Amino acid sequence: MVSSKTRNKLIHQVICFYFLAILLHPTTSSDLFHVGLKKRRLELDDIRASRVIRKLKHSQRLTNYPSFATLGGDSSNQDQVILKNYLDAQYYGVIGIGTPSQEFEVIFDTGSSNLWVPSSKCYLSLACYLHPKYKSTKSKTYIKNGKTCTITYGSGSISGFFSEDNVKVGDLVVKNQEFIEATREGSLTFLLAKFDGLLGLGFQEISVGNAVPVWYNMVDQGLVRDKVFSFWLNRDTEAEVGGEIVFGGVDPAHFKGKHTYVPVTRKGYWQFNMGDIFVGSNSTGFCEQGCDAIMDSGTSLLAGPTTVIAQINHAIGAEGIVSAECKDVVSQYGEMIWNLLVKRVLPRQVCKELGLCVFGQETGIKTVVDKERSSVLCEVCEMAVVWVQTKLKVNETKEKVFEYVNQLCESLPSPAGESIIDCNNIKNMPSVTFTIGGNPFSLSPQQYILKTGVGNAEMCISGFSAFDLPPPTGPLWIIGDVFMGAYHTVFDSDNLQIGIAEAT
């Protein structure tokens, strides 16, 4: 018979072995899963490359995806990936494809849904020779698919074909993942890019070829327990770790306070509704009735309609290209715009009343140049209406209003989309505040200004970039890394909501 003392000793040993086994057990689906991000030095060309990538993702019109409401819920168990940060311009991390694993540095992109990397069969694109290429013959787990695809953007496209293989993200291995082997890449974009490909974290509704996204397969294969992933982007450009993605939940070390949650309003992008935008304490008036926005980790800057971006960049002292068309409209039609608004004609009707936005009622023959100029005059008129209306609300005099409008004409962003700032004025610039979920989320000048170059070559660039996405998808705000660097962001695909809290 075992003595009481011996029994207690055995129980103690069993408990010790139990906890030791837990400590030594490999990572499972019930653990946090961290994926790190890396960073590199920012150059002006990288911002321009990012702009082309943005066109790649957002130029196609999404007319068929449905609207969704939010549900309640929380998250707990997770896994993480370390990220790199290209001096606040590009955040990217390492993944592996195939067995044995072939490594690629990819943008983890919530604004698209496909995974693609250069293919060993990419022969005619110079960009492919500057990046590692996937070799299917070297992988034991490769499955042939062969379905061809093209992703169209701005002035070019990416072409390739689908394949299937295992994809390693951090310590997780997603089996039989469908991805694109790119055989032709737009030379401008990918010659400039410091990353090899993109890993989309958007919804399947915008996936080219209806391919199942990596995140969906992580969930379906039981690699994570909760349908939540979160981003922390480190804006300290000297830090070794550029940031982290946590798959399966959130890391409390990356934020403070509570998250403000807003529902996903359209399942495709991570799209939500945003309220008014303030420069200092002054409303821009553009989003008082709400604006559509998407949270996009694959966009470096914060992009929005030219109308309001010109207002913001003017207020912070950014310089763009003088628009002759803008001043022409103000000179010829400014008085009439003023009178119609004073008479309380609906702002959206003003430019139609002036005959500048009547494309559906045109008669006779017009050349392509005529039609293009008509479109430009309409856009400029609609911008001028917003600017005048904003000042009328605060009872400004007509003289001051048109002085302000002409200044905005001079502050229109350059054709490339970016606007330049005097680096010496950063400390005197106002904060810019976005209203999300009824709460204010402010960006300081230090957070929304990006620096490129060193010494005499140093340049400061406004984090606000003009991007006019046409209906039915647009107008649309693209909330990129300028915002996500200041605020920890949670993507909850189970409850279809986005959470935002101050980053640590």
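Glycine is treated like the rest: Cβ placed from N, Cα and C.
For 91-501, the entry in TrEMBL reads domain 'Peptidase A1'. Sequence annotations record features per position, and here TrEMBL assigns active site to ASP109, ASP296. The disulfide bond annotation in TrEMBL covers CYS122-CYS128, CYS287-CYS291. What TrEMBL records for 321-361, 374-415 is domain 'Saposin B-type'.
Location within the structure of each feature annotated in TrEMBL.
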residue : record         : Cβ contacts under 8 Å, 6 or more apart
CYS122  : disulfide bond : CYS128, LYS133, GLY160, GLU181, ALA182, THR183, ARG184, GLU185
CYS287  : disulfide bond : MET274, GLY275, ASP276, ILE277, VAL308, THR435
CYS291  : disulfide bond : ASN273, MET274, GLY275, PRO475, TRP477
Mean of the pLDDT scores, which run from 0 to 100, over the domain 'Saposin B-type' (374-415): 83
Secondary structure tally of the domain 'Saposin B-type' (374-415) (DSSP, helix then strand then coil): 32 helix, 0 strand, 10 coil
Which of ASP109, ASP296, the listed active-site residues, has fewest other Cβ atoms within 10 Å: ASP109
CYS128 (disulfide bond): tally of other CB atoms within 10 A of its CB: 22
Integer Cα-Cα distance in angstrom, ASP296 (active site) to ASP109 (active site): 7
